[in-house]
Amino acid sequence: MTDLIQRPRRLRKSPALRAMFEETTLSLNDLVLPIFVEEEIDDYKAVEAMPGVMRIPEKHLAREIERIANAGIRSVMTFGISHHTDETGSDAWREDGLVARMSRICKQTVPEMIVMSDTCFCEYTSHGHCGVLCEHGVDNDATLENLGKQAVVAAAAGADFIAPSAAMDGQVQAIRQALDAAGFKDTAIMSYSTKFASSFYGPFREAAGSALKGDRKSYQMNPMNRREAIRESLLDEAQGADCLMVKPAGAYLDIVRELRERTELPIGAYQVSGEYAMIKFAALAGAIDEEKVVLESLGSIKRAGADLIFSYFALDLAEKKILR
């Protein structure tokens, strides 16, 4: 076999060569850190299903945002754990409610931090669903009105992005119209545009304190559907989304790849709680090298076409200076 013309190994034979020809690179600019903030508590609460993740007491949020910024993280996604739930999740659109307070604290503490406000109701409703319940399930159009109100409150508090995750038909259009009518024409929308009804969300329910009984299959997407997944994102683009998202990320890289070929908008991909937990528990068992697997998994998401990755590993990677 001495007559080989093509020898790809020539470009892999040293670390310098491998670095020179590396096609996909990761940096902290690629990452958004999701954070959980609980009101009316004094102490941090560990999320047992997500080793290393804590619920942050609201009273310590300013300190945590400073820590996050000092580590080099430039963006966070805020999730609130409310102690004031009701049938509609009305605390989420109160001007002095938890949604508003989280954005206000983050922006007042670190003005340059890009704050994305998760816009949903599952942490604010007594039933744990993502909107207003009616006899047939979640009332889509009644929920749209409330999403608009929540979005305006978050924007007024300083949120840079409204991030609707309720999976309601028409939510991007309703939010865009509400923001524009209230004078927030420059507040952007990061839409959870392709959000699957995934079993990988399991640990998140503990982290966010969800009261859900049942499932969300009537409004979140069937994991088996590829064409519908692309359609959902393209609908949100047509309604005025500034960025699109695929959630979860790891098991849906085919969707990220195809969406990248169908849109010019930035794409986010959410490495969800179950993906995080699998890596963490496998590493704790000594089955894998955590750092190497984290970087490989994040690299695969970016390689598939994601511009931003939402990951619970972001702060650890930043503080250990694994990424810069």
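Each residue, glycine too, has its Cβ placed from N, Cα and C.
Cys120 (Zn(2+) binding site) falls outside any helix or strand according to DSSP and counts as coil. In this view, Cys120 (Zn(2+) binding site) is surrounded by 27 other Cβ atoms within 10 Å of its Cβ, with every protein chain counted. The Zn(2+) binding site feature in Swiss-Prot is assigned to Cys120, Cys122, Cys130.
Feature annotation from Swiss-Prot assigns active site, schiff-base intermediate with substrate to Lys195 (among others). There are 24 other CB atoms within 10 A of the CB of Lys195 (active site, schiff-base intermediate with substrate), with all protein chains counted. DSSP gives Lys195 (active site, schiff-base intermediate with substrate) a strand state.
Annotation comment: Swiss-Prot describes Arg205, Arg216 as 5-aminolevulinate 1 binding site. The local packing around Arg205 (5-aminolevulinate 1 binding site), expressed as other Cβ atoms within 10 Å of its Cβ over all shown chains, amounts to 15. DSSP classifies Arg205 (5-aminolevulinate 1 binding site) as helix under the three-state reduction.
Residues or ranges marked as Mg(2+) binding site by Swiss-Prot on the basis of experimental evidence: Glu232. Long-range Cβ proximity for Glu232 (Mg(2+) binding site), meaning a same-chain Cβ under 8 A and a gap of 6 or more residues, is found for Ser193, Thr194, Lys195, Met221.
Look at Swiss-Prot and you will find Lys247 (among others) tagged as active site, schiff-base intermediate with substrate. In this structure, Lys247 (active site, schiff-base intermediate with substrate) is part of a beta strand by DSSP.
In sequence order, Ala49, Met50, Phe200, Tyr201, Gly202, Pro203, Phe204, Ala207, Tyr312 are the residues of the chain that are 6 or more apart from Ser273 (5-aminolevulinate 2 binding site) and have a CB within less than 8 Å of its CB. Taken from Swiss-Prot, the feature 5-aminolevulinate 2 binding site applies to Ser273, Tyr312.
Secondary structure at Ser273 (5-aminolevulinate 2 binding site), taken from DSSP and collapsed to helix, strand or coil, is helix. Shown in sequence order, Gly89, Phe121, Glu123, Tyr124, Thr125, His129, Gly131, Ser165, Ala166 are the same-chain residues outside Cys120, Cys122, Cys130 whose Cβ sits within 8 Å of the Cβ centre of the Zn(2+) site. Closest to Arg205 (5-aminolevulinate 1 binding site) by Cα-Cα distance, out of the binding-site residues Cys120, Cys122, Cys130, is Cys122.
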